[in-house]
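K.L.:
Below is the structure I would like to discuss, written out as structure tokens.
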Amino acid sequence: MGSRALFFFFALLSLSAVLCFAESNEEDPGLVMNFYSDSCPQAEEIVREQVKLLYKRHKNTAFSWLRNIFHDCAVQSCDASLLLDSTRRSLSEKEMDRSFGMRNFRYIEEIKEALERECPGVVSCSDILVLSAREGVVRLGGPFIPLKTGRRDGRRSRAEILEEYLPDHNESMSTVLEKFSAMGIDTPGVVALLGAHSVGRTHCVKLVHRLYPEVDPALNPDHVPHMLKKCPDAIPDPKAVQYVRNDRGTPMIFDNNYYRNILDNKGLMMVDHQLATDKRTKPYVKKMAKSQDYFFKEFTRAFTILSENNPLTGDKGEIRQQCNVANKLH
């Protein structure tokens, strides 16, 4: 082959490589704003309207949606693995002890069904999970958070590694900070995300170690009688719905009252107490207690990072037909 022919041969190879690279980039844009603008223009509005309807029917759903994003996205990937049911080969994340008290998954299915009627096979369950959490925050009076979409759904549960990734309410603050840091969330971001404890409730099974056999002296004594009334048994029945509202003052409003509570030693779980006393987190707790705008700003930033944790995009994963079952099992 002559030198001219070789030149053209390698030029064609280079051009092919560039075209293939450009084509692959076009196929997988990753997460982007308005990902469904062409394929399902009403997608985000449908999620918003469905959340509004479901919230009117059962206001506690907002807490469930908010908890969903934490339990799903913190465990290796934001891919709706949380929503999968158990199979003969795999235990569901939903059935692990760390998922105790999680409920209302059927409402995610209702949103999915509404989207399937409009745009069959287009919108992923992982995007529904993230968008519904965003809308849940808004329903509770929190900030509207612009979010990228384009996630695809995983095909398997991650129950076996859940403990490795998911921060626990009884772990040391160092461990909690380390686990969030692995997702790219810094200390003020951690403090802001735990501000989600401003709403919802904590089940007695997670509190009784602070009440029995002796009351934790770190608890505000004015708050203890209420906790004992709500959690009268040292070994509560896990099937009974026994709980304490996270914030008695504004239990259904997403606000910065949580930070004032924990500075007043009214935090229910150990992670709440540590947040207000650890020298690394206390300055941010005090700052958020003084400024709701600062809390909302940091929460928006951290929520966005959490929602973008290692997503499946492009041709990875799938778009599930039902959020609780991988497509291959249909």
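Yeah, the Cβs are placed from backbone N, Cα and C, and that goes for glycine too.
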K.L.:
Disulfide partner of CYS323 per TrEMBL: which of CYS125, CYS204, CYS231?
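P.N.:
Here TrEMBL pairs CYS323 with CYS125 via a disulfide bond.
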K.L.:
On a simple 10 Å Cβ count over all chains shown, which one of the binding-site residues SER81, THR250 is most densely packed?
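P.N.:
Of SER81, THR250, the one with the most crowded Cβ is SER81.
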K.L.:
Looking only at the domain 'Plant heme peroxidase family profile' (30-327), what is the mean pLDDT?
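P.N.:
Within the domain 'Plant heme peroxidase family profile' (30-327), the model's average pLDDT equals 94.
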